[in-house]
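S.K.: Next up is a structure, given as structure tokens.
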Amino acid sequence: MKFSYTRLKEIAGFTDTPDQLAAFLTMRVFEVEHVEKRGSDWMLDIKILPNRMADASGHVGMAREIAALKNVKLKTKNEKLTEDSRRQATDAIKIKITDPKDCARYSARVMEGIRVGPSPAWMRERLETCGLQSINNVVDAANYVMLETGQPLHVFDMQKLKSKNEKVKSIVVRRARKGEKMAALDEKTYELNPDTLVIADERDPVAIAGIKGGRDSGVSADTTRIVLEGATFDSAVIRRASQTLNLRTDASLRFEHGLDANETPAALDMLAGLIQKIAGGVVFSGMADRYPRTSPQRAILLRPRYTELLIGAKIPASFYRAAFARLGWAAKSKGKDFIVKPPTVRRDIEIEEDVIEEIGRLFDYQNINPRMPEVALRESEKNTELFWEEVVRNTLIGEGFFETELYEFSSAEEHALFGIDPRVAVALENPPNPQMAYMVPVLALRYIISAGQNMRQHDTVKIFGIQKEFRRAEGGGIEETKKLVIVSAAKDARAEHFYALKGVLDGLWERVGIGSSASNGDVVYTEDTSCAFAHPYRAAVVMHNGEKIGALRELHPAIAEKLKVRGQIIFAAIPFAQVTQKASDKAEYRLLGKYPAITRDIAVVVSEDIRTDDILNVIKNAGGTLLADTTPFDYFQDDALATEEKKGLAFHLIFQSPDCTLTDAEVGAVIKKITATLEAQDWEVKK
């Protein structure tokens, strides 16, 4: 985005040369991609981050950023605006927004008696420095204000807006109607669709919202009465229309990244004052304004202690208020902390860490001494589901099966063939083809069909996969279930194939520790008649401790025939959650203690961000071999602790020795050591 060096210097009051300013901005905030001499000025092409487009895409916003970083006073000057109190803008223009989701705010001012002509030399030079062509003083003023504020504005010739009542014009923000066309200011005619947002009069579109004005409502040499428009449109709608029409402009670039609706009135006032200065005319009093979707100001808690922890440096208390003043943010104290209210134009500031980043930038990262992070390393927690997935994969691959990943889609024809209730199927809104019209409700059918197709080239097929199936829930939602499906197919149909896959399952249960010991319970296979596409006599439900954990079945011969399968298909389907919940990778044995245990309780007050596991680890490490077990049993936080952002946790400590009965003195010594270790962490131990 192009900026004028001279204008930035006028507002921010710095002394840097163009190259020095470019280097400063690149190091501190935005990368400057190019610096070029243009006439008596210099152009800086600055790469604005998408989340900073709302506040930094104009000269005032960029100068504000420079002034904050350099700690200099911003020099802004508003154009003088004289209104005619006898004429009200709301009497001359009416605004209607059909959907507030598309347009958060639309504001308009009215002027008459203007004289359209060439722009003054200083304005033409400023526009050309920033890559814009001069058109006339009114249009140039709108472009100039956009460069100043970052707010795209537009000017309509009021006489060209079609209306039943010529004294009161209407502007409607709506979606385009199918088949509508509009001749734009670039002399091209665009065919619009209902995804395109337009500004319309009572009959036709007069502008493509946020992108391009219409030719038939544009300012010309004989224009005397105008409507000044400022708005905030939905960024996604503008981006989609821009891509569809293959039309990108300086305005659309800004709207695509989101703008602040609260900035619109000030930008319109600036434009009205500037036009009055260079083109004359009368400004109607007030503005027509529709603001159905307001942008509230955020209030964010900033904790200096947390700030210093993240930044890694000690920051003086006085620096915080100075930083807020430099940024132009409102802030008030809350104990040792601050409640910060950034202006709504700073759309990138949403959470405490965003505020901390701003503090760090103003403090200057060069002032922070680099040091190695001080992190208490601990073993990463095992992802149980991924662990058992890998165990299952390795086990089945070792049995000669190949892992396969298939599309999780199905068709109505397949549902009918397999006897699946169509009411449970989840349909796609825009399926790529009829064979992929639904999310697959029974994952096994996908693997059975794949195995049948592969049997045309192979005598045996052994595949498995771990994927999801999708079913319509009774309450109307969608249930996703991860399933393990194993398929074994062979051209020579024999009864032992069924028992061969059962043997594979038995080996799998043993490998994952299900039914592998007397205490764990046995895995049993019982008769199954619940599956519509299973063989009537070769189907079993797999049970463990009275709970169904899967099924082993042979495909029904009638369905195999319809699929043109030559041979026999045996398949197993297992909800993977059953594996994860019941599996065990170790068997633990420990002798019961011969000597009595002693129980003590301890309470600790810590910061709210301290995890219970961290406290447990400290207690266990300090407790040594005599500490047999530690269990948290209470959480407490009264108003005083809440104010200090602290919490209390209480733990049962069980002491036991394998060699003797412990005395109170021996336990007391360990308690003393645990207490000292906890207090060394700056935690308070309640006594």
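Each residue, glycine too, has its Cβ placed from N, Cα and C.
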S.K.: Please pick, from ASP348, ASP364, the residue that TrEMBL records in the Mg(2+) site together with ASP354, GLU357, GLU358.
M.R.: ASP348
S.K.: From the DSSP assignment alone, can you count helix, strand and coil residues within the domain 'B5' (295-370)?
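M.R.: So the domain 'B5' (295-370) is made up of 34 helix, 13 strand, 29 coil.
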S.K.: Just jot down the residues in the same chain as GLU357 (Mg(2+) binding site), at least 6 apart in sequence, with C-beta under 8 A of its C-beta; none if empty.
M.R.: none
S.K.: Other than ASP348, ASP354, GLU357, GLU358, which residues of the same chain sit close to Mg(2+)? List them in sequence order, counting a residue when its Cβ is within 8 Å of the Cβ centroid of the site.
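M.R.: Neighbours found: ARG346, ILE349, GLU353, VAL355, ILE356.
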S.K.: Just to verify: the residue among ASP354, GLU358 with the fewest other Cβ atoms within 10 Å, which of the binding-site residues is it?
M.R.: ASP354
